[in-house]
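For reference, TrEMBL has these:
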REGION    1-22  region 'Disordered'
COMPBIAS  1-20  compositional bias 'Polar residues'
TRANSMEM  37-56  transmembrane segment
BINDING   ARG116, TYR118, LEU131, LYS133, SER141, THR183  FAD binding site
DOMAIN    175-273  domain 'Oxidoreductase FAD/NAD(P)-binding'
Amino acid sequence: MRFNQSQVNLPTPTNQNPNRQVDKDELWEEDPEYDKVITGFVIFGVVVCASLYYYLKSQPKINTLLPNEFTDNQVTKVQQVNHDTWLYQVYSQSGIEEFDVPFHVVIKDDTCQIGRQYTPISRTSSHLTFLIKLYKDGSLSRMFRELKVGDVVSMRGPILTMPAYVKNSCKEIGMVCAGTGITPMYQLIKKILQDPVDQTKITLFYQNKTVADILLKAELDHLRQTYPDQLKIVYSVDHGYADRSGYVDLKALKILPKECVLVCGPDGFVGAVAGRMGENNTQGPVGGFLKELGYTSTQVYKL
Ligand SMILES: Cc1cc2nc3c(=O)[nH]c(=O)nc-3n(C[C@H](O)[C@H](O)[C@H](O)COP(=O)(O)OP(=O)(O)OC[C@H]3O[C@@H](n4cnc5c(N)ncnc54)[C@H](O)[C@@H]3O)c2cc1C
């Protein structure tokens with residue numbers, strides 16, 4: 001059977017109950033309380049989201065190394081290495097697998113807002129390890145002396161200490177350093193030796209006051225044994241016996257290759273070996289023993 005509209009009298013908008021239609025319209029268009037509830041919910045949602053965003057943004061990023069922002073990083077190991085130098089390991093993650101070398105970070109004492117540069121001697125995806133010499137009246141030394149496992153240090157990095165090292169760019173590199181000046185050299189030495197493609201030969205001249213002051217000696221000796229054709233080391237001490245005894249002098253530096261020499265250490269040492277740094281950490285002219293030996297500014301870099 002087929003139906004048509006006239007036979008069954010289906011409801012149309014015009015024949016629906018007029019009262020019912022009016023009720024529905026009133027509910028949507030004329031209930032001011034309902035509008036207020038909806039508006040209230042929307043405002044509440046926006047305020048909650050904005051507050052959450054600004055809260056999360058303002059939270060310090062813990063244990064993450066960032067170049068342009070100081071972050072709090074937890075100390076995981078503190079160990080005395082000799083009479084004035086300590087090893088500090090810090091939990092610090094970075095999205096970057098490999099940093100260019102040599103790099104350092106700035107560590108800041110938050111109580112007085114003083115920052116100093118420090119060169120990690122090792123870096124894994126989660127930890128940085130530093131060798132830090134503590135001075136009796138040093139500003140940051142004071143902070144480091146108080147540090148315990150579980151404390152946090154405020155730091156920023158990585159920052160390149162010199163133009164990034166390019167493998168095989170020199171056939172032979174000379175390194176002249178003293179005291180904690182070994183730290184950037186050690187970064188570079190490891191980078192070169194652990195890369196089978198890099199054939200660069202290294203001659204390291206490492207000056208210290210006494211044998212007890214030589215840092216990373218076991219690690220350096222191990223590298224020298226493992227790569228005897230690539231790494232030559234001369235340990236030199238002011239007092240006592242090592243590969244060489246006495247202050248650094250012109251004759252001692254004749255073992256260095258001509259092509260490329262890096263120098264790092266206390267100001268007086270760098271000045272004697274290669275001439276003082278210039279204003280605002282610029283290289284300054286080559287001076288000292290290296291100048292006397294005929295080196296020019298394209299062959300010498302002071303760190
Ligand atoms: C790129 C870079 C990387 C560095 N990496 C390391 C590192 O890996 N490990 C490390 O221990 N240091 C490193 N240093 C040195 C470090 O940044 C600080 O200068 C040092 O720790 C002293 O800081 P302080 O605040 O304790 O002493 P300050 O308050 O700066 O000085 C206090 C006293 O110590 C003397 N003093 C400071 N520095 C030296 C020095 N180098 N030699 C002799 N006397 C000094 C000053 O003359 C002064 O009398 C690096 C420096 C640079 C520029």
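Glycine too: its Cβ is placed from the backbone N, Cα and C atoms.
Where the annotation comes from TrEMBL, it is an automatic prediction and has not been curated.
Everything TrEMBL records as a feature, shown here on the structure.
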{"residue": "ARG116", "record": "FAD binding site", "DSSP class": "strand"}
{"residue": "LEU131", "record": "FAD binding site", "DSSP class": "strand"}
{"residue": "SER141", "record": "FAD binding site", "DSSP class": "helix"}
{"residue": "THR183", "record": "FAD binding site", "DSSP class": "helix"}
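When the Cα positions of ARG116, TYR118, LEU131, LYS133, SER141, THR183 are compared pair by pair, the longest gap among these FAD-binding residues is 17 Å. Applying DSSP to the domain 'Oxidoreductase FAD/NAD(P)-binding' (175-273) sorts its residues as follows: 39 helix, 25 strand, 35 coil. The record gives ARG116, TYR118, LEU131, LYS133, SER141, THR183 for FAD. Within 8 Å of the mean position of their Cβ atoms, the other Cβ atoms in that chain belong to THR85, THR119, PHE130, ILE132, LEU140, PHE144, THR180. Less than 8 angstroms from the CB of LYS133 (FAD binding site) sit ASP84, THR85, SER141, GLY179, THR180, each of them six or more residues away in the same chain. Counting only same-chain residues at least 6 apart in sequence, those with a Cβ under 8 Å from the Cβ of TYR118 (FAD binding site) are HIS104, VAL105, VAL106, ILE107, PHE130, ILE132, THR183. Its Cβ taken as reference, LEU131 (FAD binding site) is surrounded by 22 other Cβ atoms within 10 Å in the chains shown.
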